[in-house]
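What follows is a short report on a single structure.
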């Protein structure tokens with residue numbers, strides 16, 4: 001395996017599959033099976049999950065909600081996804097802990113950096129829910145922050161496209177895929193792969209970002225192996 005400690009960023013939409021809303025149990029099971037293969041190879045894996053399949057703070061704000069309130073609702077959506085993911089992982093025999101940035105002791109541990117790292121060292125998967133606990137920050141930024149905190153070697157951004165393009169491949173047939181690109185190129189060209197705060201955090205801490213297609217079976221293992229299946233930002 002190319003990497004020994006990995007932060008996997010899963011969008012909420014990844015858990016939705018073909019559904020218009022919510023969580024597709026079959027997709028969760030497929031992701032869990034891929035993750036189990038990674039853990040079997042003694043890779044320490046932490047996961048940050050988004051909430052866009054249930055509620056997106058920015059959209060709530062655009063629809064008239066107070067932005068901070070909308071973001072807090074979005075944070076709760078990420079916890080719902082984290083618990084669902086934990087259930088899927090434990091069904092395939094992967095010991096999993098959920099840690100949340102906002103305390104909810106009846107259903108998850110509070111986020112404690114040292115405890116999270118100890119879980120990883122013991123071979124458990126740690127799923128981070130609740131974003132970073134503050135409004136106005138995306139779950140991509142949370143992924144970059146947690147990766148830096150737990151000393152992850154890479155951020156794996158699992159998404160619905162197979163890499164980073166110079167324009168939307170779903171809209172433009174001549175869209176060019178990058179096999180690799182720099183943090184600065186992403187920032188200066190305003191390439192919409194992650195928000196600028198997340199990119200800058202990874203840049204400042206020398207954490208590469210691998211962007212790949214989550215819906216292709218086995219891609220998580222391939223990405224962790226270092227296979228060139230997506231786009232590498234470094």
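Yeah, the Cβs are placed from backbone N, Cα and C, and that goes for glycine too.
Packing around residue 168 (ATP binding site) is summarised by its Cβ count: 10 other Cβ atoms lie within 10 angstroms of its Cβ, all protein chains included. Residues annotated as ATP binding site in Swiss-Prot: 9, 10, 11, 12, 52, 56, 159, 165, 168.
DSSP assigns residue 136 (UMP binding site) to coil in the three-state reduction, placing it in neither a helix nor a strand. Residue 136 (UMP binding site) counts 12 other C-beta atoms within 10 Å of its own C-beta, drawing on all protein chains shown. Under the heading UMP binding site, Swiss-Prot lists 51, 71, 132, 133, 134, 135, 136, 137, 138, 139.
Reported as a whole number, the C-alpha separation between residue 132 (UMP binding site) and residue 168 (ATP binding site) equals 29 Å. Counting only same-chain residues at least 6 apart in sequence, those with a Cβ under 8 Å from the Cβ of residue 159 (ATP binding site) are 11, 14, 211, 212, 213, 214. Residue 134 (UMP binding site) has a Cβ environment of 15 other Cβ atoms inside 10 Å. Summarising the ATP site geometry, the residues cited as binding it (9, 10, 11, 12, 52, 56, 159, 165, 168) extend over a maximum Cα to Cα distance of 24 Å.
For residue 134 (UMP binding site), none of the binding-site residues have C-alpha atoms inside a 10 Å radius of its own C-alpha, out of 9, 52, 168.
Residue annotation for UMP gives 51, 71, 132, 133, 134, 135, 136, 137, 138, 139. The furthest Cα pair among them is separated by 15 Å.
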